[in-house]
Amino acid sequence: MTNTAATTEAKMATEPPKIVWNEGKRRFETEDHEAFIEYKMRNNGKVMDLVHTYVPSFKRGLGLASHLCVAAFEHASSHSISIIPSCSYVSDTFLPRNPSWKPLIHSEVFKSSI
């Protein structure tokens, strides 16, 4: 394990990562800009389509993708925005593990998954 990876793991164990909203790049990202979840706004800004989640290999397994999703879902919730989970991590991993966020899923997506 490299020193960078060891430092990252130690920091993650003691405190949650700081996730910031980068509106210009249309993504939520870690403070170091290395991990992120990208989105596209649809329906005149009423729907956030989460299209891609990226975590560098040396930071995988630390829960960063989940923290990024929570930041996006919290943002959507506080702004009355619904979500389309186009990213496979969001739809196949995050939502099954965190079903309390499912009410934010855009109704047309929910209907098509029944």
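Note: Cβ is positioned from N, Cα and C throughout, glycine not excepted.
For reference, Swiss-Prot has these:
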ACT_SITE  Cys87  active site, nucleophile
BINDING   His52, Thr53, Tyr54, Val55, Gly61, Leu62, Gly63, Leu64, Ala65, Ser66, Ser88, Tyr89, Thr93, Arg97  CoA binding site
DOMAIN    18-106  domain 'N-acetyltransferase'
MOD_RES   Thr2  N-acetylthreonine
Other CB atoms, at most 10 A from the CB of Tyr54 (CoA binding site): 16
Which residues does Ala65 (CoA binding site) neighbour through Cβ under 8 Å, counting only same-chain ones at least six apart? Ala35, Ile37, Thr53, Val55, Tyr89, Thr93, Phe94
Quick note, His52 (CoA binding site): same-chain residues at least 6 apart with CB under 8 Å of its CB -> Ile37, Glu38, Cys87
Out of Gly61, Gly63, which has the highest number of nearby Cβ atoms, where nearby means within 10 Å of its Cβ, if these are the binding-site residues? Gly63
Looking only at the domain 'N-acetyltransferase' (18-106), what is the model's average confidence as pLDDT? 97
Cys87 (active site, nucleophile) in three-state DSSP notation: coil
Counting by DSSP, what is the helix, strand and coil composition of the domain 'N-acetyltransferase' (18-106)? 37 helix, 27 strand, 25 coil
